Amino acid sequence: MTTRYIFVTGGVVSSLGKGIAAASLAAILEARGLNVTIMKLDPYINVDPGTMSPTQHGEVFVTEDGAETDLDLGHYERFIRTKMNRRNNFTTGRIYEEVLRKERRGDYLGATIQVIPHITNAIKEKVIAGGEGHDVAIVEIGGTVGDIESLPFLESIRQLGVELGRDRTLFMHLTLVPFLGAAGEVKTKPTQHSVKELRSIGIAPDVLICRGDRAIPANERAKISLFCNVEERAVISLKDVDSIYKIPALLRSQGLDDLVVKRFGLECREADLSEWENVIYQEANPNGEVVIGMVGKYIELPDAYKSVNEALKHAGLKNRVSVTIKYIDSQTVEAKGDEVLQGLDGILVPGGFGERGVEGKILAAKYARENELPYFGICLGMQVALIEFARNVAGMADAHSTEFNKATPFPVVGLITEWVDEEGNVEQRHEASDLGGTMRLGAQLCHLLEGSKAAQAYKGNTCVERHRHRYEVNNKYRERLEQAGLVFSGLSSDRKLVEMIELKDHPWFVAGQFHPEFTSTPRDGHPLFEGFVAAASAHQKRDLKK
């Protein structure tokens, strides 16, 4: 199979939405029957984002094969059916690490290792390998043109453009076309300078995606075409919209997919965007609203919970309600108590690391349990629910996780020292292990308890979900917790690790050690999120009747 490559770069400012634009184009091409994948090349020196602060970088998205990747890969999976893997995201740090490892082994036979050709060759090899087996591979280059960190990546794709030829490569550049209120007009000069910068390093864009808060007038598009040496039909206006799921149709209406298909000489059907039209209709026509309190510690940056936010919205679509997320700092719960939890239709406690704010999460779980408020715990959210139950129901007053208190008399949650990975291999860890790349990661099979809410949600006795954690339920206390009424509704493939818990006599109190948000999509949703939002809606209706 001959793979075609679309390289997506950004200019003027960061955070223009290259990932959404790339994913939207991929969705249109997929709707035309093409097999599409997307890659993200990140210019930072970290080997992966696994140890980066969520408040700086946003969430870490985990792929099926256990790669800790950029949150843009979450966008990719939500827009197309192709599942991402570790080949879909790599960083400057990983490239340098691999090149230096080869140098130490003597693979370069004494050569002087340089950015060109050794680093650029390593980048090109990964891009080609990531695109194998697909009709089209869209490659997003992180950062902004002009950043020193991005230069090796830009040089690599320039070389690929020459080596593969114009019939297999296309360069798409995303820029900002701002509107100046005082002048009453849009300004194209930033775009012109961005393209000039790109051309100075040898890349001439074939398509310009021009971002702005309004549609760009035809005369300004003609001006951009003239000064940037890009066909006028290839100057695409991408205005702000109230839903990212409207972007595929917006790009399709301007013929971006036709331009790509003709450039590559591909024969394929017209795009069928009916599934996306259905998503947009459901989003615009809810029959009600629910308020979900998300009790977390990284709430100053909502992107730290990007996949959870999107999964709640997807569940709202399936339940025909709009979901309003109320972000609640868990430290505020510690300081003010349950008064900040009033008026919610459900509580969700997401994952997290470190002791800060953990008692607030435990209080949130207690409030939900005692007030029969729907509760959904994810990763740490499951652990705090179990700790709360152990303390206040099972009679273990000082129960805790050894992550937060190594001297606790009741370590109901402890470090996982051994587990079986998705390929059946035994993994081992200890307290002195590195932080990076040492967690239980990736898709794992889970056995569900027959008759449990979990089994009802999944409509079966097994599920496969993605993990990212170091700590687990301590099996020493399982029997005591079960006797107190806690239901262990999900177990690992070898039945040695607890994957899900729930409360039997509660409208909806379910928690999982895994991260179900990573597999939720706008078209398909996710059974646990759907069940949670349905329970929140039912709780709201009961309150209204009272």
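Even glycines carry a Cβ here, placed using N, Cα and C.
Counting every protein chain shown, 23 other Cβ atoms lie within 10 Å of the Cβ of C379 (active site, nucleophile). Annotation source Swiss-Prot lists active site, nucleophile at C379, citing sequence analysis.
Applying an 8 A CB threshold to same-chain residues 6+ apart, the list for H515 (active site) reads V62, S307, G351, I378, C379, E465, R466, H467, R468. The active site feature in Swiss-Prot is assigned to H515 (among others).
Residues or ranges marked as active site by Swiss-Prot on the basis of sequence analysis: E517 (among others). In the shown protein chains, 29 other C-beta atoms lie within 10 A of the C-beta of E517 (active site). When secondary structure is read from DSSP and collapsed to three states, E517 (active site) falls in the helix class.
Neighbour count (other Cβ atoms within 10 Å of the Cβ, all protein chains): 11 for K189 (CTP binding site). Marked as CTP binding site by Swiss-Prot: S14, D147, I148, E149, K187, T188, K189, P190, T191, Q192, K223.
The UTP binding site annotation in Swiss-Prot covers S14, K187, T188, K189, P190, T191, Q192, K223, and the record cites sequence analysis as its basis.
Taken from Swiss-Prot, the feature ATP binding site applies to S15, L16, G17, K18, G19, I20, D72, K239, D240, V241. Mapped onto three states, the DSSP output places D72 (ATP binding site) in helix. Cβ neighbours within 10 Å of D72 (ATP binding site), excluding its own Cβ and spanning all shown chains: 25.
A simple way to gauge crowding: the CB of E140 (Mg(2+) binding site) has 27 other CB atoms within 10 angstroms, across all the protein chains here. E140 (Mg(2+) binding site) falls within a strand when secondary structure is assigned with DSSP. Residues annotated as Mg(2+) binding site in Swiss-Prot, with sequence analysis given as evidence: D72, E140.
Around E403 (L-glutamine binding site), the same-chain residues six or more apart in sequence whose CB sits under 8 Å from its CB are F353, E355, V413, L415, R470, Y471, listed in sequence order. The annotation L-glutamine binding site is assigned in Swiss-Prot to G352, L380, G381, M382, Q383, E403, R470 on the grounds of sequence analysis.
The annotation domain 'Glutamine amidotransferase type-1' is assigned in Swiss-Prot to 291-542.
Sequence annotations record features per position, and here Swiss-Prot assigns region 'Amidoligase domain' to 1-266.
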Spatial separation of T188 (UTP binding site) from S14 (CTP binding site) - C-alpha basis, Å: 17
Cα-nearest neighbour of D240 (ATP binding site) within the listed binding-site residues, K189, T191, G352: T191
Cα-Cα distance linking E517 (active site) and Q383 (L-glutamine binding site), given in Å to the nearest integer: 17
Top Cα neighbour of T188 (UTP binding site) in the set of binding-site residues G19, E140, K223: K223
Spatial neighbour of S15 (ATP binding site) that is closest, considering only the recorded positions I148, T191, K223, M382, E517 and their CA atoms: T191
Among G352, G381, M382, E517, which are recorded as recorded positions, the nearest neighbour of K187 (CTP binding site) by Cα: E517
Shortest C-alpha distance to L380 (L-glutamine binding site) - which of the binding-site residues G19, T191, K223: G19
